[in-house]
Amino acid sequence: MESLNSTIFTNTSIHTIDTKINVEEIIFGFLSLVGTLTSVVNTLMFWKLRFKDQVYKYYLISSIFDTLYMFSIFLYTLIACGYPCEKLNKNGLIKFIYLIAVYDYLTSCIAIYNILIEIFVTTQRYFLISRKKTLQNLNPNLVMFITILVSLLYYSPIVFLKKICFTANIGFTMVYTNFGLSEVGRLVPIVLSSIRLILASVILLIANIFTLIEFKKYLKQKRLMKFSNLNSNLNSSYSGPRKQVKDKKMKNVTQMLISIAFVYSIGTLPYALYYGLSELFKTNNFIIDKILYSFGGVGFRLIIILKILIFYKYNKIFQEEFRLIVKKLWEK
């Protein structure tokens, strides 16, 4: 989120947050809270499903990170919502530690991690339905560990852009470091955010399109084989139903992956457009700074909120467990 909160800084220190009610941030906060709750549900579901399919292990960790991400950006509403949050907006040390360590750094690391994992599982699924062994035998725990490490290192320069200072007049405040004010320092968030947006909007979209094309070929071959087997003895009473269940499971998981990847790519586009135009023109523009920014902020949050609907649609066990939880809560 390093590029999302840059507007609250001057060249040297943080602005005082507007004392008016910030309706936009309150809406963002509400969506973030909804996303936190749906991500918790996803985490509980994939904890039970983690041994059913390798993909579910990836989505278990992604759901945990989604929970942290959405809750972290929800906390920003308590700073930026205006005068209702005035007491929380005092220049305390915890506030600025949160802004640098959590809002700038941690959320950015989580975002790039989820994008990289989506690219990986989409590419892995492409090779699987292409009947190629590439990427199929990798240990999920090792893949996730390496991806987490890469994400932490990728955004590490962000930590050195700002620092917390104490002054007798206003207490704690946040200022840009010498590195943050340098030409290289100014380029760091632009370059990192641009690469992240390209990965989500372009690379993931391309990988997903190739996977979708290959998946359609796979389904066509399955239909031809099924028609051919009607006139043969290949489908025995034992192997036929078993194979059909396996094929249906693979189909559902693949559709789930493709849907999630498309949601990521499409949901990122409004903010990618806002970010590109704002960096290009560098002027105050209502359409860019208000409309596109609002659509971008909503888009980022809807990406995570909509996941639960996709998981529910394409996973029978997810549906059963979800209904069971709702039933228990309703009975209470």
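Each Cβ is built from the backbone N, Cα and C atoms, and glycine gets one as well.
Worth saying up front: this structure is predicted, and the values here are computed from it rather than measured.
TrEMBL annotations:
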type	residues	note
TRANSMEM	26-46	transmembrane segment
TRANSMEM	58-76	transmembrane segment
TRANSMEM	96-121	transmembrane segment
TRANSMEM	142-161	transmembrane segment
TRANSMEM	187-213	transmembrane segment
TRANSMEM	252-271	transmembrane segment
TRANSMEM	291-312	transmembrane segment
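Taking residue pairs at least 6 apart in sequence, the transmembrane segment (26-46) and the transmembrane segment (291-312) share three or more C-beta contacts under 8 angstroms.
For the transmembrane segment (252-271), the residues of the chain that approach it from at least six positions outside its boundaries are 53, 55, 114-115, 118, 121-122, 125, 129, 197, 200-201, 204-205, 207-208, 211-212, 215, 292-293, 295-300, 302-303, 306-307, 310-311, 313-316, judged by C-beta separation under 8 angstroms. Listed as Cβ neighbours of the transmembrane segment (96-121) (distance under 8 Å, sequence separation of 6 or more from its ends, same chain) are residues 1-2, 5, 14, 55, 58, 61-62, 65-66, 68-69, 72-73, 75-76, 79, 135, 143-144, 147-148, 150-152, 154-155, 158-159, 161-162, 164, 172-174, 192, 196, 199-200, 203-204, 207, 257, 260-261, 264.
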